[in-house]
Amino acid sequence: MSVNQPTHTGPPYGQPQPGYGGYLPPGYGGQPIPTVPTSQYGAYNGPMTGYPQTAPPQGYFPSMGFPSKGSPVSLDSDASFTPNFIGSLRAPTTSGAPASASGTLVPPGQPAYSQFGQGDVRNGIPASTAPLQRPPASQQFMPGTTPTSATQSATFQSFGPPPTSTQQLTNHMAGMHIGGASTSVPSPGVLGYGPPTSVPPASGSFTSSGSGQYVPYSNQGPPPPAVPHGLPPTTLSQGVPMAQPAISGPPSALNLSHQAPGFAPPPSSSGVGASNYPPAAGVSRPPPMQGSSLPGQAATGPLTSQPNHVTSPPPQPAMTGPPLGPPMAGLQGPPPSHPSQPGYALQQNGSFGQNRGTQPNYGPAYPGPANYGSQPGPPPPPPPKRLDPDSIPSPIQVIEDDRNNRGSEPFITGVRGQVPPLVTTNFLVKDQGNASPRYIRCTSYNIPCTSDMAKQSQVPLAAVIKPLAVLPAEEAPPYLVDHGESGPIRCNRCKAYMCPFMQFIEGGRRFQCCFCSCVTEVPSQYFQHLDHTGRRVDYYDRPELSLGSYEFLATVDYCKNNKYPNPPAYIFMIDVSYNAIRSGLVRLICEELKTLLDYLPREGNMEESAIRVGFVTYNKVLHFYNVKSSLGQPQMMVVSDVADMFVPLLDGFLVNVNESRTVFTSLLDQIPEMFADTRETETVFAPVIQAGMEALKAAECAGKLFIFHTSLPIAEAPGKLKNRDDKKLINTDKEKTLFQPQTNFYNNLAKECVAQGCCVDLFLFPNQYLDVATLGVVPHQTGGSLYKYTFFQVETDQERFLNDLRRDVQKEVGFDAVMRVRTSTGIRATDFFGAFYMSNTTDVELAGLDCDKTITVEFKHDDKLSEESGALLQCAILYTSCAGQRRLRIHNLSLNCCTQLADLYRNCETDTLINFLAKFAYRGVLNNPVKTVRDTLINQCAQILACYRKNCASPSSAGQLILPECMKLLPVYLNCVLKSDVLQPGAEVTTDDRSYIRQLITSMDVADTNVFFYPRLLPLTKIDPNSDSLPPAIRNSEERLSKGDIYLLENGLNIFLWVGANVQQGLIQNLFGVASFGQISSNMCVLPVLDNPFSKRVRSVIDLFQSQRSRYMKLMVVKQEDKLDMLFKHFLVEDKSMNGGASYVDFLCHMHKEIRQLLS
């Protein structure tokens, strides 16, 4: 098997598996084929076929999902079970009865085939009450299920002998199924999951853990998984269907029975055998679909401008092997699904599904390849049953439950160690002494008392802090406290600021610090008497005594050089090289700035903004502009000596907007004309930043540079770069160099910028490789933002770029900021993640800090904590406001401490944990092979869950996977992180895309990472035009989609509108203003404004989503089976991904195996 390619999971389109006589796959021409039940296509995101395969290496079983040293064995879970967390069971079994004795347990209420029409739920769970016929018991084991030896499976090749059992066949087809066997050996470089051989630390250095490959259950191991969440675990036996999706409650358990393919049947004591169903006529393999053109197929249409981090899938190499059917036009949609079995239907991505008719636009079935000398095999026996995907924990259900349970009451912060509602819940916060979760969220609100306990659990202790977060209108912003010339009251020893946890003693004359226990005199002007409870009488009058978040006005001692700062300045630096002029970008920016400069940020009651502005244009040289208000026309000064940058003018470069309006408006009119005929294609970059920094230094102020840049800076100048993009480095030890800057020059430049308070926001418009990893260094280390618009076109990208620019210019920013996190004795801040610079181990320095940026802090024990006193954090950030005022913003948070692991696991927050783990991993790729990073993540999460299982769950069968209630979504979310473009890129993801996403995530808040890794998917046809409520979201899987619906998917960077092929014409007319599906334009980037309730409601939902995100999301209309359909499926994160990422069901199995390995 090719090392860099996942194994085959099926032959090319229309080809039946060799040796399956009489089993034709469904045709692709739209006409049903006899012997096959009509089939709606299922989700098939399997790997691309057509790469020559060599014999698999020793120890790989092609029928299993993961490489192995031993031979796979069959395992089944315990038959006995108690009611499951999922909801009521429909058909309880008798404990321990042999499956063969009474035939099979068939779930009542599931039809054998679909009774729905073409436009219904795609591969959903058929809802019917027609009971199924039980197949006769004698059909339990069909010919072909005789045990095969490991050596047989090890020689399985492209067109070798057929699989000898259906387990082999189905597993050959579909990734490792819960309740079935595993399949498709991943290439070691791509899917590196490894059994832990040692226990690496929870964070810090990455250690390569184990072989990095999936290993099937060993012969001796106890049987497999089940999924609970907290109290007495309940199990689910394999043969019983689950009625409802998971709801939060007691711990839950699923029995995940892994029947190994082609091996001995399960022991007769198990409740239900693994293969009791007879084969359906016409079992065919799912055709592979990889978003590539097949031979003879043209990828039609122009290269569309892609969302921030995805570029159009390029055509892939033609497949080898027998010729395929007739050519097909365009990139077609998903292939048909497996025909249904009675009872549980086996789908490619783990779905139950009714069958559909064949798809339009597909050629007829290929008559079948030659057997290449191998003997035709016996007819395939039935596949093993699947676990119902509805039975495993559902993010949608957890989000919905939290909204219902916690959305109506305000969250009052007075109680120590309270876990807040989820980020997806709308709730009101009442500050009563702890900072709002909008400012700080923790991975756990109850932390272990000792470091040994923390190491044992492996739960990272971290806080995600968003110091300048914008609060909703109903919540008051932090109060500003002015203590006059004496400044804020602080502890003498540790310098912590006065807060609600300080203890006043001796009648109020002194206070004891809650962080270091030092006693400090209360200044006479601050003295106040205490009441009978020991609390100051003015407790409610002073924000610093009664609130968790507040601001102090800083005195001159807190300012640079002991003098108050000048108001900040904004400098707009525009690339006027050939690319920028030709694309219309320069004209667009100049037009926008004329009006945008009226909306610069200002202090609450100020008439106009105090921020001054300046303008620079550049290509190989820099042009400065004098726009002094007394001038009739702007003056241009050119600096061509870019090696020694200086600012040619002081007076007239930075100006007040209102005073110089006519002059700079004239300049913005002239710039596009001045450079309209330019032929200069080369640009500089570092000198541009140096020029802006020098200008701010000369003006003695902090500020921000807005740089609009289009190409790799190859002109002779400091910071010149070369094109070093190399896809061949992916999955090698040198891959990390792709994420590192190619020179230290920019690190040093960033350091100088931070010292000056010069923050850089960079807008990139690349048409080719630009080296984001290097250009992004200065924005990253100065606390700035990075925006990227690949293949920028004014028609399609104008809306997104202008909205991003407006928000970026208008948002609240603090300049020249320093942040320090103090903790009470016992823990300390040890590690920091985000966009900032650190010159020592405690101070986070930010040239700029805006309202969207977060700093993530990890804590470690340095002593014991006590349950009585708990643990305290204080985040203090000193910054200059946009009016030039020096301020201190303080956030305080108190946490509980525990001596029992169960208390830790009861008070964790999975969304914050995933935010931290993603940042930890994304920083890890800078210095470690990506595979090591992935293994470390999997290993750490397995240890977290294994520790819970061992220490907190009641004793139960090893065949159960038991998850803590508040961590039951950890596996699904972790799998999304592992499948992300940074850790597992598809062929179409560029190096720049990966660097861009890596940098973006590093300073994202919890709400943004939540929707980025697990996108929100809404069925728009269920929307009520007359109501403000949104339709319930659905899970991110293709089997949840219906051809008759329109869906909206958002992930914080893109919004997709997916239109099914069978949507009613009336809906299409109302939403897109065209008569039919075929007339919808895929290049549409904004919905037409139509006067009907449906159009208005959909547009208002999109506007609502846009307002909730920090960046403007690009709207992309995706027609089913259109060229963008593959891109859309990339975001259906519960399914198997095209680049080898496991499906949710498969990954849950794998996590369970890892946990059991740790426990044994």
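The backbone N, Cα and C atoms fix where each Cβ goes, and this holds for glycine too.
TrEMBL annotations: computationally assigned, not manually curated.
What TrEMBL says about this protein:
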COMPBIAS  19-30  compositional bias 'Gly residues'
COMPBIAS  221-231  compositional bias 'Pro residues'
DOMAIN    488-526  domain 'Zinc finger Sec23/Sec24-type'
DOMAIN    565-809  domain 'Sec23/Sec24 trunk'
DOMAIN    814-897  domain 'Sec23/Sec24 beta-sandwich'
DOMAIN    910-1009  domain 'Sec23/Sec24 helical'
DOMAIN    1030-1100  domain 'Gelsolin-like'
REGION    1-39  region 'Disordered'
REGION    122-415  region 'Disordered'
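Residues 433, 481, 534-536, 544-548, 552, 554, 822-825, 872, 874, 876, 888, 890, 892, 894 of the same chain lie 6+ residues outside the domain 'Zinc finger Sec23/Sec24-type' (488-526) yet bring a C-beta within less than 8 angstroms of a C-beta in it. Summarised by DSSP class, the composition of the domain 'Gelsolin-like' (1030-1100) is 22 helix, 12 strand, 37 coil. Here the domain 'Sec23/Sec24 beta-sandwich' (814-897) has, by DSSP, the following mix of helix, strand and coil residues: 0 helix, 54 strand, 30 coil. In the domain 'Zinc finger Sec23/Sec24-type' (488-526), helix, strand and coil residues by DSSP number 6 helix, 11 strand, 22 coil. Secondary structure of the domain 'Sec23/Sec24 helical' (910-1009) per DSSP, as helix, strand and coil residue counts: 65 helix, 4 strand, 31 coil.
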